[in-house]
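Annotation source Swiss-Prot lists active site, charge relay system at D139, H178, S346, citing sequence analysis. Residues annotated as disulfide bond in Swiss-Prot: C286-C316. Feature annotation from Swiss-Prot assigns domain 'Peptidase S8' to 111-413. Annotation comment: Swiss-Prot describes 407-537 as domain 'P/Homo B', evidence class sequence analysis. What Swiss-Prot lists as N-linked glycosylation site is N129, N380. Marked as signal peptide by Swiss-Prot: 1-17.
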Amino acid sequence: MKLIFLLLLFGVSPIVCQDFEDGVFLAKITSIDEHDARKIGRRFGFEAQWKLQSYTDVYVGRRLRRRKRGIEDEIVAEMMLSQQVQFIEKLQGFRRYKRAPMTNKGYPVHVWNLTPSLYIREAWEDGFNASRVTVAVVDDGVDIKHVDLKSAFSPRVSFDFVRFGDLPTPKNSKEFEHGTQCAGLVAMEGQQCGLGVGHGATLGAIKLLGQDFLNDALEGDALAFQKDLIDIYSVSWGPKDDGKSAEKPAKFTEEAIKNGALHGRNGKGNIFVWASGNGGVNGDNCAYDGYVSNEYTLSFGVIDASGAPAAYGEGCSSVLAAVSGGDAMIQTTGLESTCSSISGSSASAAIASGIISLVLDANPTLSQRDIQHLIARTSNASAIRDVELYENSAGLNFHPKVGFGLLNAQKLVVMAATWENVAPQVTCEKMNLANGIIDNSDCDVTKVERVIVSGSIIHPHRGQVQIRLESPRGTISELLPLRPKDTSRDLLDWNFVSVNFFGENSRGIWKLHVTSEEDDVDFRVEMKMFKVVGTMS
């Protein structure tokens with residue numbers, strides 16, 4: 001058994017993480033039971049107070065008494081001398097931001113009436129309503145007594161990670177209505193505000209936002225919560241969309257997402273649905289968002305009624321598809337059993353989650369990878385306007401802001417109903433990409449799903465760097481676009497993820513093209529790993 005302590009130092013409360021100035025630590029202690037774990041904690045001046053929810057061997061603890069701040073380093077060093085302590089590391093506090101609704105005006109429309117059509121009503125008419133599916137909205141809480149949500153709500157797949165309680169209700173303020181709005185788009189039952197896309201789904205509410213700071217342990221704990229009972233995690237938040245920030249999941253959270261995608265749902269894989277971001281007006285792009293640009297998440301853009309990508313929407317090479325409604329106020333649930341309206345990429349993640357819930361209702365045996373294959377095959381590229389689409393060698397059209405096109409719920413459920421699970425995933429990795437030329441001729445992946453390039457950019461103004469990846473078949477994917485507002489130094493240990501090569505044969509020579517907009521600047525790009533995942537035909 002492996003036990004992990006989360007040690008909150010000098011905190012006013014062990015639950016609400018308001019101030020990280022004095023440090024938060026994560027320690028892993030092996031081969032002991034819970035009683036011994038608590039004894040070890042007290043020996044080092046800490047007391048384990050409760051278990052984290054998603055790990056049977058993880059504990060939250062706090063100091064027994066005050067010590068001088070300089071003693072922290074001594075405590076860490078002392079604990080590392082113990083044979084039972086595998087590691088101890090300091091956690092950083094950080095903020096996460098809701099993909100807040102845009103200030104669009106107009107009469108609210110229902111989700112099934114969006115233009116261009118997502119063919120949601122047609123999927124319902126085919127008999128699918130997500131009654132066999134569980135969707136958890138990870139946000140600032142949900143009004144679980146709302147007349148349109150209370151029947152769908154399940155406490156078994158819900159938790160409040162802000163106050164560590166079973167009822168994830170939000171504060172009664174418009175500022176904390178976001179989760180309730182997203183939940184309505186997924187699961188509202190038509191009593192007052194309309195029907196959610198997956199109006200028969202079981203609704204989980206995981207309250208994570210609403211405190212001043214998060215940390216890696218809380219975030220990872222929330223995203224691993226009830227991973228064998230929850231099918232879809234709907235996430236409409238992320239790092240700040242200011243065109244300057246670059247953040248990614250920390251170690252514990254990244255492991256939670258990876259483990260869920262590979263092993264959740266009893267081996268079929270959880271589906272983590274992420275909003276691509278609202279930073280388009282700031283020149284932002286989701287390649288700098290490590291939750292969206294992630295091997296194990298599914299991210300979605302948004303288009304307006306004309307079919308053009310929404311001006312506020314962010315694009316990147318990991319965006320899988322898009323939903324409509326970018327210029328609409330979409331009616332949904334509000335606090336205190338009211339109706340409200342929402343737009344922005346927050347809505348896109350919730351709508352996409354609802355559509356995927358219909359797909360799983362059509363075929364509960366689908367894996368997380370099956371969902372990606374179905375979306376790539378059925379998305380409607382012809383609905384997209386005002387941008388140039390690119391075609392890969394497998395015949396799929398794509399664009400960074402819309403992926404493979406507009407989701408089509410009816411085509412998805414029809415294809416899903418008779419879909420046979422894809423073959424086991426094959427992975428090829430190449431290390432030390434010194435010259436940007438990757439010989440992948442010996443790889444068995446003949447149908448690509450994703451390509452991941454990992455490394456660092458050393459540059460005085462990282463926003464001036466552009467990275468493109470060319471496949472052996474000539475398809476070019478922009479892994480890192482220019483970002484004019486970003487004048488920060490360096491981008492370290494980053495994963496650049498692309499779905500643009502979906503269906504291509506990976507064998508042959510791949511080429512990385514790196515340029516800087518600034519002349520006479522010394523910079524380097526250190527790419528350490530090239531990874532392609534897919535199937536062998």
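Note: Cβ is positioned from N, Cα and C throughout, glycine not excepted.
Swiss-Prot feature annotations superimposed on the structure.
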| residue | record | Cβ contacts under 8 Å, 6 or more apart |
| --- | --- | --- |
| N129 | N-linked glycosylation site | G198, H199, G200, A201, L358, D361 |
| D139 | active site, charge relay system | K98, H178, G179, C182, A183, A205, I206, K207, L208, L209, V235, S236, W237 |
| C286 | disulfide bond | S276, G277, V292, S293, S299, E314, G315, C316, S318, V319 |
| N380 | N-linked glycosylation site | P116, G405, L406, L407, N408, K411 |
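DSSP gives S346 (active site, charge relay system) a helix state. Mapped onto DSSP classes, the domain 'P/Homo B' (407-537) shows 12 helix, 60 strand, 59 coil. Under the three-state DSSP scheme, N129 (N-linked glycosylation site) falls in the coil class. In the three-state DSSP reading, H178 (active site, charge relay system) counts as helix.
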